[in-house]
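The S-adenosyl-L-methionine 1 binding site annotation in Swiss-Prot covers 43, 98, 131. According to Swiss-Prot, the feature [4Fe-4S] cluster binding site maps to 49, 53, 56, an assignment based on similarity to another entry. Residues or ranges marked as S-adenosyl-L-methionine 2 binding site by Swiss-Prot: 99, 100, 158, 170, 195. As annotated by Swiss-Prot, domain 'Radical SAM core' applies to 34-270, with the evidence given as sequence analysis. The feature transit peptide is assigned by Swiss-Prot to 1-17, with sequence analysis given as support.
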């Protein structure tokens, strides 16, 4: 397949060559020379699906008719506009999510990447991820996405049980999933991630562990475990509400998660985030930006972003949400160059709350250096060092606070939500009192 432009062809070839030379061995790769405010990840939302899954409440639509050329033009325009408004000079990763972006034309993916390459620097080892569903991504189509510049796939496998797949409203079978996974690994060796869900109605620990063991015979170097969340407004929620299905058992889900983590550790996977496991250094660079509270631009209907617009003097980060409905979003992009519906300036405390809640999702946690990038006056020791409730969490081995920073233990990662019930109020209280003290041993 031909790409729409020689620059995109050259960039895709360079990316593939760099990918052969080396793998990303740590989160974020080599330090970038640009200041943090000039760097960002880019998320591109494709809002369309073949059908709505029974558990999903994401911003997605079943198109009655689709003029992809118009959608492509608007995605390109909004990407260019947001890059200009943000002053971002280096894009460190691109993630095509949805919806089902594997339903988009590879030409659309190539056009977006070409536009971004014209507006910002793209490193040769740029991670470009595409979410794919097995039924919308036969091998020939995956190869075309590779030619367009995609070098990493995230496959929504969800289950290897056909009964569970039907319950979830998925359009693929377990055989479809494994066939697509095998083809993806052939085309993108070492760069394929799969999702596996747990905590479904009537799901039992033993059969689910059997699925995980089976998946280990087929998967690549990245795997995500996600617990089902029953969302109001979904078909699955309604079935549980009216008693047609049993409510998921949270204790069984917790056991699945704990035993699943142990199985993956024995298989050589490193848990680098609450839901994510990797081996051979195959971490998700794009998602790492989220967990480290880096800047990211959200392009497409309903996309979310976090960046400092140039008009704000480059000092106030904003949370941004694009217009949800695709037709309205396209009208706004054609009129204004972007479809931003909501802008919320983030105060310093709000930003620190995000740094805390997101950073503790990772095994690295929050280093002192990283914290000081967001709050140079109030240290982690100031906030958490003398609090009795936090000390109890440290003594129970759920948290660690030392010369490296603040992080969860292996046991603590599994109960992070409960830890944040203590940590976030303590941060808020310390912020109100703000009386920095010397660092122990400093």
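Placement of Cβ uses the backbone N, Cα and C atoms for every residue, glycine included.
Features as recorded by Swiss-Prot, highlighted on the structure.
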| residue | record | Cβ neighbours (10 Å) |
| --- | --- | --- |
| 43 | S-adenosyl-L-methionine 1 binding site | 22 |
| 49 | [4Fe-4S] cluster binding site | 21 |
| 56 | [4Fe-4S] cluster binding site | 17 |
| 98 | S-adenosyl-L-methionine 1 binding site | 25 |
| 99 | S-adenosyl-L-methionine 2 binding site | 24 |
| 100 | S-adenosyl-L-methionine 2 binding site | 23 |
| 131 | S-adenosyl-L-methionine 1 binding site | 20 |
| 158 | S-adenosyl-L-methionine 2 binding site | 23 |
| 170 | S-adenosyl-L-methionine 2 binding site | 24 |
| 195 | S-adenosyl-L-methionine 2 binding site | 17 |
Go through the binding-site residues 49, 53, 131 and tell me which ones have a CA within 10 A of the CA of residue 170 (S-adenosyl-L-methionine 2 binding site). 53
Cα-Cα, residue 56 ([4Fe-4S] cluster binding site) versus residue 99 (S-adenosyl-L-methionine 2 binding site), nearest Å, comes out at 10
Under DSSP, is residue 100 (S-adenosyl-L-methionine 2 binding site) part of a helix or a strand, or is it coil? coil
What kind of secondary structure is residue 158 (S-adenosyl-L-methionine 2 binding site) part of, going by DSSP in three states? strand
Suppose the S-adenosyl-L-methionine 2 site is 99, 100, 158, 170, 195. Which further residues of the same chain have a Cβ inside 8 angstroms of that site's Cβ centroid? 53, 56, 131, 133, 156
Within 8 Å of the Cβ centre of 43, 98, 131, which other residues of the chain have their Cβ, at the recorded S-adenosyl-L-methionine 1 site? 44, 45, 46, 95, 96, 97, 99, 101, 130
Give me the Cα-Cα distance between residue 53 ([4Fe-4S] cluster binding site) and residue 158 (S-adenosyl-L-methionine 2 binding site), rounded to a whole Å. 11
Just counting, how many other CB atoms are there within 10 A of the CB of residue 53 ([4Fe-4S] cluster binding site)? 23
Length of the line joining the Cα atoms of residue 49 ([4Fe-4S] cluster binding site) and residue 100 (S-adenosyl-L-methionine 2 binding site), in Å: 5
Which three-state DSSP class does residue 53 ([4Fe-4S] cluster binding site) fall into? coil
One should report the C-alpha separation between residue 99 (S-adenosyl-L-methionine 2 binding site) and residue 43 (S-adenosyl-L-methionine 1 binding site), rounded to whole angstrom, as 13
State, in Å as a whole number, the widest CA to CA span among the S-adenosyl-L-methionine 1-binding residues 43, 98, 131 given in the record. 11
